[in-house]
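For 89-245, 279-421, the entry in TrEMBL reads domain 'Sodium/calcium exchanger membrane region'. Positions annotated as transmembrane segment by TrEMBL: 89-108, 120-142, 154-177, 189-212, 224-243, 280-298, 305-323, 343-368, 380-398, 404-425.
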Amino acid sequence: MGSLEGRAVLQLEDENLVDSKHNDRRTSSMDATPQISVFDTDTDGVSCKCMWNSILRQMHIVLFSKKLNLLIPCGPLAMLVDTLTDHHGWIFFLSLLGIIPLAERLGWATEQLAFYTGPTVGGLLNATFGNATELIISMYALRRGMIRVVQQSLLGSILSNTLLVLGCAFFAGGIVHSTKDQLFDKGNAVMNSGLLLMAVMGLLFPAVLHFTHTELHFGKSELALSRFSSCVMLVAYGAYLFYQLTSQNSLYMPLAEEEGENDESLEEEEAPEISKWGSIIWLSILTLWIAVLSEYLVNAIEGASVAMSIPVAFISVILLPIVGNAAEHAGAVMFAVKDKLDISLGVAIGSSTQIAMFGIPFCVVVGWIMGRPMDLNFQLFETATLFMSVLVVAFMLQDGTSNYFKGLMLLLCYLIVAASFFVHIDPEAIQDKPKKT
């Protein structure tokens, strides 16, 4: 009862205090007005200060948290060199270096957004924006009529993801976990291998039709078949996306997460660093900046090839995809080292599948709309290279295990592919001259 009496006394004192303040405000209304406005001004100032602090913090995280971001000034330098000189070799080299950190930050921003969308949608976003660099470069090259650059850069992206990125992931994971074979979901890996083989079939038939001279309408049947096959491949990829989004056994959901074996330390380590809208804004900024640099990069490809005595085919198939796949490369290796090989496969093989089943057909359809004769005839040498690479990867994935030796084999296969394109002369490159728009 004593406590209740004490509370009653405190409430009575509070009421008296409020009444006295109310009477004071009534008698000095003229003085109260400036006090209220000062309070509101202080509140606005505090909110503005908090907003600026949040913006500065996000800029620090995005632009200054990685040593790789030291290469970001190479982009403005490339623009400056292009304005002052005609050294295409330097323009290409600086643009290439400038895109590398932007591609990595684009992948990082996608991962931040994935925290707010869930693992399945997040994995699809990661694969989509991971390929944004290659697709942007392809759109600029297609607009300038550089069809062979488009074909070879997309082909190189598939080869880079399946051989180089996956090979590095297997090798790094196998070295760290050398006492055991790492496991991954065999069913998802086989399904993606089947999609890659379907893409190879779509590229193989137009090439065979061209080189056997068995077209019904010479010069038209090959292009018509390519456009029809592209539409079929887009439908197949749409069905694949629907299956992934509705299936419980998603490619982008690692086995450890499905079994509920997540460590608390990993959950704390993987907390988002920026907000949802911050991720969306930075995705837009980085995509726009990559698009600007891609134009300088594409314009300097042929001049750089002459200046550095490097075939255009090698630049398109090897150098451009390595830059575009920087985000996938780092992410796949990191997850393999953490023994999350299913996520590594989702990034590497999922990205390859998206380029093969969506990126290439999408470019054919866009070329159709733009009036460019973009087709699926990637020429015999390129198609044979893709066919053999997909077969090698399919055999590596069929047992559901990985080790450092498998990774080493994939890396050595990529070295053979790179050496082959370094000594390869593209017979169609002479006809593929840039056109003014």
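Cβ from N, Cα, C; glycine included.
Predicted automatically and left uncurated, TrEMBL annotations should be read as such.
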Can you work out whether the transmembrane segment (343-368) touches the transmembrane segment (189-212), with the criterion being 3+ CB pairs under 8 Å where the paired residues are 6 or more apart along the chain?
yes
Which one of these stretches, 89-108, 154-177, 224-243, 280-298, has the most C-beta pairs shorter than 8 Å to the transmembrane segment (380-398)?
154-177
Below 8 angstroms Cβ to Cβ, which residues of this chain, lying six or more residues outside the transmembrane segment (154-177), approach it?
131, 134, 138, 196, 199, 316-318, 320-322, 324-325, 328-329, 332-333, 335-337, 339, 341, 344-345, 347-349, 351-352, 355-356, 359-360, 363, 378, 382, 385-386, 389-390, 392-393, 396, 402-411, 413-414, 417
Short question: most Cβ pairs under 8 Å with the transmembrane segment (305-323), which of 89-108, 189-212, 224-243, 280-298?
89-108
Same-chain residues near the transmembrane segment (89-108), Cβ under 8 Å, at least 6 residues beyond its ends:
62, 66, 68-78, 81-82, 126, 129-130, 132-133, 282-283, 286-287, 289-290, 293-294, 296-297, 299-301, 303-304, 307-308, 315, 319-320, 323-328, 330-331
Is it possible to list how many residues within the domain 'Sodium/calcium exchanger membrane region' (279-421) are helical, extended or coil according to DSSP?
120 helix, 2 strand, 21 coil
